[in-house]
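Trainee: Feature annotation from Swiss-Prot assigns 5-phospho-alpha-D-ribose 1-diphosphate binding site to Gly79, 82-83, Ser87, 89-92, 107-115, Ser119. Summarising the annotation, Swiss-Prot assigns anthranilate 1 binding site to Gly79, Asn110 and lists sequence analysis as the type of evidence. Annotation source Swiss-Prot lists Mg(2+) 1 binding site at Ser91, Glu225. According to Swiss-Prot, the feature anthranilate 2 binding site maps to Arg165, an assignment based on sequence analysis. Taken from Swiss-Prot, the feature Mg(2+) 2 binding site applies to Asp224, Glu225.
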Amino acid sequence: MKEIFLQISNRQDLSQDQVQVVFDRILKNEVSESQIASFLMGLKIKGETSDEITGIVRALKSHATVLPETFTDAMCNCGTGGDQSYSFNISTTACFVLAAGGIRMAKAGNRSISSKSGSADVLEVLGINVAASPEILSKALDEVGLAFIFAQTMHPAMRFIGPARQALGIPTIMNLVGPLANPLDLETQLMGLYRVELQEIVANAIQQLGRKRAVIITGPDNMDEAALYGTNTYTLLEDGHISQHTFTYEDLGMEKVELSDITGGDAKENAEILLSVLRNEASPYLETTVLNIGLGFFANGKAGTIKEGVELARQLIADGSALEKLRKLQEVQV
């Protein structure tokens with residue numbers, strides 16, 4: 001590790017191979033907690049690169065639990081977290097509607113770190129087994145078109161990194177890596193990101209990982225979701241090209257919703273919010289979720305524009321298709 005630390009201290013970027021070797025050792029529990037913390041902090045101070053992100057993702061995937069069935073058409077819509085917005089579980093709610101629209105959703109997630117309720121916490125309240133076996137996850141992806149991929153189950157070696165991350169208490173490269181380390185080889189992706197200036201770096205990493213199409217979204221105030229106030233910035237990966245764009249709620253003909261109107265609560269409260277959205281109960285939560293679903297359909301290519309995606313989202317919620325996806329997942333992922 002000494003040579004690696006020297007290189008980072010000289011603000012020299014690491015290659016994919018170098019990072020992959022380091023993380024392979026970390027995931028085998030061959031590196032001390034203090035060294036892991038120093039490594040993560042060093043990369044943060046130096047500035048993370050797409051090669052470094054890709055190297056860590058590949059190391060994690062090589063140690064991940066493998067599903068018995070291969071799926072090559074899946075999508076994930078989880079974000080980095082770390083935005084301190086304390087909003088409700090938007091991407092978790094959205095995944096049921098995206099699945100109802102015909103997208104196979106391999107929704108990655110974890111327990112709460114900075115918010116009151118992580119996706120795993122909410123889904124447990126709803127009776128979904130977040131620690132389901134690989135066999136059950138494959139069945140859910142096949143029969144429901146949706147499964148919740150719990151980070152702790154699919155990446156058991158991540159436990160060696162957790163203490164160092166908790167000790168640091170700040171976002172690191174691991175926040176960027178988490179949404180990209182889905183054990184499935186995703187075809188498309190919608191990724192929320194807490195810093196606009198990292199979008200191009202992450203887009204390059206996503207391209208290196210073989211995604212056909214992706215959208216990386218940062219909302220106003222560096223939210224890792226799109227919001228109905230201020231300006232949203234997204235980077236689009238399409239046909240090998242990377243481009244950055246902005247939009248506002250006014251561009252989509254939607255009403256303004258302040259951040260204070262979509263604050264979440266504990267797992268039980270957020271589960272009730274999720275159900276209210278899928279029941280099509282009018283609220284700021286519904287409008288914000290519909291926006292992010294529309295972005296998901298656009299990221300996948302199911303919709304030609306975000307506005308078209310929003311319209312599709314409204315239809316799938318109104319006709320009960322999205323709520324039915326939840327019911328089916330409750331029956332299968334047990």
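From the backbone N, Cα and C atoms, a Cβ is placed for every residue, glycine too.
Values in this document were obtained by computation on a predicted structure and should not be read as measured data.
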Trainee: Using DSSP reduced to three states, classify Ser91 (5-phospho-alpha-D-ribose 1-diphosphate binding site) as helix, strand or coil.
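Mentor: Looking at the DSSP assignment, Ser91 (5-phospho-alpha-D-ribose 1-diphosphate binding site) belongs to a helix.
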Trainee: Hey, what's the Cβ neighbour count for Gly79 (5-phospho-alpha-D-ribose 1-diphosphate binding site) at 10 Å?
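Mentor: 26, counting other Cβ atoms within 10 Å of Gly79 (5-phospho-alpha-D-ribose 1-diphosphate binding site).
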Trainee: If you draw a 10 Å sphere on the Cβ of Ser91 (5-phospho-alpha-D-ribose 1-diphosphate binding site), how many other Cβ atoms land inside?
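Mentor: I get 25 for this one.
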Trainee: Which residues does Ala108 (5-phospho-alpha-D-ribose 1-diphosphate binding site) neighbour through Cβ under 8 Å, counting only same-chain ones at least six apart?
Mentor: Cys76, Cys78, Ile149, Ala151, Met154, Gly178, Pro179, Ala181, Asn182
Trainee: May I ask for the distance between Arg111 (5-phospho-alpha-D-ribose 1-diphosphate binding site) and Arg165 (anthranilate 2 binding site), taken between their Cα atoms and rounded to an integer number of Å?
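Mentor: Cα to Cα, Arg111 (5-phospho-alpha-D-ribose 1-diphosphate binding site) and Arg165 (anthranilate 2 binding site) are separated by 14 Å.
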Trainee: List the same-chain residues at least 6 positions away in sequence whose Cβ sits under 8 Å from the Cβ of Asn110 (anthranilate 1 binding site), in sequence order, or say none.
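Mentor: Residues satisfying the criterion: Gly118, Ser119, Ala120, Phe150, Ala151, Gln152, Gly178.
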Trainee: So if I measure Cβ to Cβ from Glu225 (Mg(2+) 1 binding site) and keep only same-chain residues at least 6 apart in sequence, which ones fall under 8 Å?
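Mentor: Set apart from Glu225 (Mg(2+) 1 binding site) by at least 6 residues yet with Cβ under 8 Å, we have Gly79, Ser85, Ser87, Ile90, Ser91, Gly192, Ile217, Gly219, Thr288, Asn292.
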